[in-house]
Amino acid sequence: MDKTRTFLDVKEYPDTEVQKNRVLTLEEWQEKWVSRRIGFHQEQGHKLLKKHLDTFLKGENGLRVFFPLCGKAVEMKWFADRGHSVVGVEISELGIREFFAEQNLSYTEEPIVEIPGGKIFKSSSGNISLYCCSLFDLPRANIGKFDRIWDRGALVAINPGDRECYADIMLSLTRKGFHYLLAVLCYDPTKHAGPPFYVPEAEIKKLFGSICNIHCLEKVDVFEEQHKSWGIDYIIEKLYLFTEK
């Protein structure tokens, strides 16, 4: 039997009961940046996004693209360089400042009037705006609607108990004709507490299926040596494309 196929077709766990009460605070996420525990950051960008970029963009120009829990994702620069307008939200000010520094972009910063303590960082070119605040506070900032959402490291990072609220916010930000690209991870949740959390396909359909057509574009075995420390022996990344029903 083909070993790769065996891994990629591994049976999904029916629910996330074992992880449902797991909670990380915003302060804990900020501490991850300070202590450099940011293994989720991909310096070369996301391979599956690169591969399916044309499917995601559909050859359209001047799109508004949203990055939830953006960190310092290099893909934000990719989209900006293609002429699109990028908006991200990230709780770590350190992560946002590192993005601009590492991409050699000058920027301005100002307070978010609607969110006490929040800040918005804007590239001097004007096509990248990063909000430093909780994603769950973001609706108060009236950031408008988006043509595209790239959700990698966001749904899998928020506390499982917050997923319904998260999905409602994401869908409220979509514009007619939107494309939403989601990357999730499949592993044995009884062996790793997360994050990243395990999000089964059934829950994805429950959260987004009433509004979206859901199509799995690809499954990839992404298991690496570092994952052994999680106590797991396989991890599959799945890429989904949501389109408007």
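The chain as shown is numbered from 1 upward.
Even glycines carry a Cβ here, placed using N, Cα and C.
Copied from Swiss-Prot, the annotated features are:
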type	residues	note
BINDING	29-40, L69, E90, R152	S-adenosyl-L-methionine binding site
BINDING	F40	substrate binding site
MOD_RES	K58	N6-acetyllysine
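Sequence features, as recorded in Swiss-Prot, placed on the structure.
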residue	record	DSSP (3 states)
E31	S-adenosyl-L-methionine binding site	helix
K58	N6-acetyllysine	coil
L69	S-adenosyl-L-methionine binding site	coil
R152	S-adenosyl-L-methionine binding site	strand
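Taking every protein chain shown into account, K58, L69, R152 are the recorded positions, and of these the Cβ with the most other Cβ atoms within 10 Å belongs to R152. Distance noted between the C-alpha atoms of E31 (S-adenosyl-L-methionine binding site) and the residue listed as 'N6-acetyllysine' is 38 Å. Geometry remark: the residue listed as 'N6-acetyllysine' versus R152 (S-adenosyl-L-methionine binding site), CA distance 19 Å.
Neighbour counts of Cβ atoms within 10 Å were compared across the binding-site residues E31, S35; the minimum falls on S35.
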